[in-house]
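Comments concern the structure below.
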Amino acid sequence: MTQRRELQTLLDAAPVGARQWRVIICCFLVVMLDGFDTAAIGFIAPDIRAHWQLGASELAPLFGAGLLGLTAGALLCGPLSDRFGRKRVIEFCVALFGLFSLLSAFSPDLETLVILRFLTGLGLGGAMPNTITMTSEYLPARRRGALVTLMFCGFTLGSALGGVVSAQLVAQIGWHGILALGGVLPLLLAAALLAVLPESPRWQIRRRLPQAVIAKTVGAITGERYEQTHFWLDEPATALKAASASCSLAASCPLR
């Protein structure tokens, strides 16, 4: 006989295990690199200005393009993750902001850099809300707030590292080198995520993936085997996703 098991009830009854910590760490690293890029562009701005002999006001489009891209990415990638999965969209966004940050290092002029910073912002903005959603969907309700907050501390750490690294290395490797570093690291992380980041079981249920696939994902979380089990959801994701997006946009405001 097929048993019906509600996903959140199973998560709430189980301790936070290795699979959930893997998701938290992966998402922590994503937002850390997000924060690194956010801070680094502000620290290297004086060198960019000196390189092209720009006035202070001429850098405004550079910062505005990043903000615009971040906002657009946050708005666009939520629906995309509902369709294609949290895992795929997070990996795509990390690769996207890594690629365009790397290309930014070779910008021949300010106009090109502005365009590339907009495209970098798309990836940055798309990654942040989805890391919150992914982490939230893996956790028991009693630990969700604390552990999502812990995960997003990666953004603050990354911002601090971006400032320290930029201040220490910009004289040696220039602003081109800082942007290249901020591009290579996300590309390496995106490759690692392909192997280690699992998909959200909540998304799998909503997309009506085969129950055997869902059972494997849930079993990796709880440590149990589920045979002839039908998984279902008792709570809508709409409020969770909306809260995630709002939290991410608020936390990402320092982008300049």
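Placed from the backbone N, Cα and C atoms, the Cβ positions cover glycine too.
Feature annotation from TrEMBL assigns domain 'Major facilitator superfamily (MFS) profile' to 23-256.
Annotation comment: TrEMBL describes 21-44 (among others) as transmembrane segment.
Positions annotated as transmembrane segment by TrEMBL: 59-77 (among others).
Taken from TrEMBL, the feature transmembrane segment covers 89-107 (among others).
Non-local neighbours of the transmembrane segment (113-133) in the same chain are 27, 30-31, 34, 37-38, 41, 48, 61-62, 65-78, 80-81, 86, 89-90, 92-101, 103-104, 107, 148, 151-152, 155, 186, 200, 240-241, 244-245, 247-249, 251-252, 255; each lies 6+ residues outside the stretch with a CB under 8 Å from one of its CB atoms. Under the heading transmembrane segment, TrEMBL lists 113-133 (among others).
Annotation source TrEMBL lists transmembrane segment at 145-167 (among others).
Look at TrEMBL and you will find 173-197 (among others) tagged as transmembrane segment.
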With pairs fewer than 6 apart in sequence excluded, do the transmembrane segment (21-44) and the transmembrane segment (145-167) have three or more C-beta pairs that lie under 8 Å?
yes
Under 8 Å, at least three CB pairs between the transmembrane segment (173-197) and the transmembrane segment (21-44) (pairs 6 or more apart)?
yes
